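> Below is one structure. I have some questions about it.
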């Protein structure tokens, strides 16, 4: 079809579906851990990066299976089946109603959900990692030698399908996740957010199987990684056997493998090891890069995503692929040519060093942004402390004295104070004076808690109440919380949209409830026999907390008053774009250049070894994050960002020093020299054989 084997179109569709499945699932994974499984940020980050590390360790296993045992087709087929099963298991594990027998909205046995989720992720890690090194190579196998041009176009289409799947899924699955679904209670829709990627993975598998009879299936020819490993292992073992001084030294320690392996393989291995040595500092870059899906997503949950339309925190990851599409041509066709015109020797290793520096600066930007976010966080009481807020629901000003003689506060009509901090043991009562009346209210307080005291002057008395707020942090879901207080003289039933706050007696306060869609408005209604009033709410925003008083009704319009218990997120998500820009600049200069450099410095038949080393560096980078998240005692998130920035900067300097000692080579020249020597040896062998044959004939 258009000069291409028909099978490659199936491979491209297969890759698009698989990448959509992987990136779509991965985009919502961190919030799934924190909001559904209720893990803390550090543990969620550690498990997320454990999963990513698994995804980058298993490609080595997949490559060995394909090249030494099953072949690429069967490896892709079998591991895709495991992959699809894993996606389905993860989706089932995220069903809230699976063990919610009492239908209260929370799983009765969360261990079942956790077990299924972990099994699903392990299967996905084996599947996606195992097929990673096989699919592109399998597509390349479908072409004949004379179809070099078509093969090049295929790889362009292949990587286009990878980016298209990543881009679309990062938009779609967070949107699905933010929607409401459930049998008994409506909550964030993780089953569908994981279910859509599962369906795409099944489609990917079906599409791949459809082309089974069309594919050219190359038989396993042995894995070069195993050969290199055996060569290195034999050299080390042989050197250890001959460690005595009576054995002469050899030019290179790998030369101790010459008793078993030919000179060409040893020389190729030397070239590869020179490059792999430079890989040693690289994991630190990946340690910062892969935190886009963990720490940076969690950072976005404390920010405002109002762009005129609502952006979800896990959708901010889309900035990276969008910037990649823009930055790659800009850097390649504008920045690098300008540097070349300035006659600067901007070698690949220098580009990689600059890329690491950009990565470090990205985390400096993230730290500066985190400082601004921290300023917007509410201050909650520490152990031994209590916070109290006063709300005057009456039309008469009041003065409140905190006893014994701590401080006095004046509260205007229909106004509130902020939360005031007290030592719990020192605060015993409140003395309220309003109009001609006064009242002393004893306080029974728990340490480390917040309380609200609503009060009002009534002609005969001062009504007041002590309400435990039961909030010690921002809402875990990232949404806003609302509650109602009935400031009428009779009981009313209060609803807001589909939320029913029940029958509220006069001066009674409801419990907090989450606003399902904080960027939308709702109809608030209060009803009683022969009484019905309603009003449209404001948009609550994300991360806030509100007490709404039901005051009165005029011509069926409900009069309400908003009291802000906790400010919504105000720092805009757009402020994350600079750190994404810096990190993407780093990726373009580090990752793209790194692979090009690696392949230019090693023989063509050793590219698989370098790819394995590159993927291993990514895995080790994620393991670094696991260690820091699990073992770090750093309390402030900005300080952790500074730590990673400093570590990467130090590694950047080390890499620059290592790079300065590196001598660039041309593997093709070395290969050509070996080929020439082998031809000369073959010719010599033939001449010797001819001479022997001639001598034999004379005899």
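Heads up, the Cβ atoms here are built off N, Cα and C, so glycines get one too.
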> With TrEMBL as the source, which of 296-317, 318-339, 384-405 is set down as transmembrane segment?
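Based on what TrEMBL states, transmembrane segment spans 318-339.
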> Among 8-26, 27-45, 46-64, find the range that TrEMBL records as transmembrane segment.
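From TrEMBL, the annotated transmembrane segment range turns out to be 46-64.
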> Pick from 608-629, 674-695: which range has transmembrane segment per TrEMBL?
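Among 608-629, 674-695, the range TrEMBL annotates as transmembrane segment is 608-629.
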> Of the stretches 46-64, 110-131, 152-172, 192-211, 318-339, which racks up the most C-beta pairs under 8 Å with the transmembrane segment (76-95)?
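Comparing 46-64, 110-131, 152-172, 192-211, 318-339 against the transmembrane segment (76-95), the winner is 110-131.
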> Which residues, given as numbers and ranges, are at least 6 beyond the ends of the transmembrane segment (271-289) yet have a Cβ under 8 Å from it?
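Residues 228, 232, 254, 349, 355-356, 359-360, 362-363, 583, 586-587, 590, 594, 597-598, 601-603, 606, 609-610, 613-614, 616-618, 620-625, 628, 644-645, 647-648, 651, 654-655, 658-659, 662, 665, 667, 670 contact the transmembrane segment (271-289) from elsewhere in the chain.
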> Is the count of Cβ pairs under 8 Å between the transmembrane segment (641-665) and the transmembrane segment (351-371), pairs 6 or more apart in sequence, 3 or more?
yes
> State the residues, same chain only, that lie 6 or more residues beyond the ends of the transmembrane segment (608-629) and have a CB under 8 A from a CB inside it; answer 'none' if no residue qualifies.
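Tertiary neighbours of the transmembrane segment (608-629) are 42-43, 45-46, 49-50, 52-54, 56-57, 59-60, 63, 67, 132-133, 223-225, 228, 272, 275-276, 279, 282-291, 294, 594-595, 598-599, 602, 640, 643-644.
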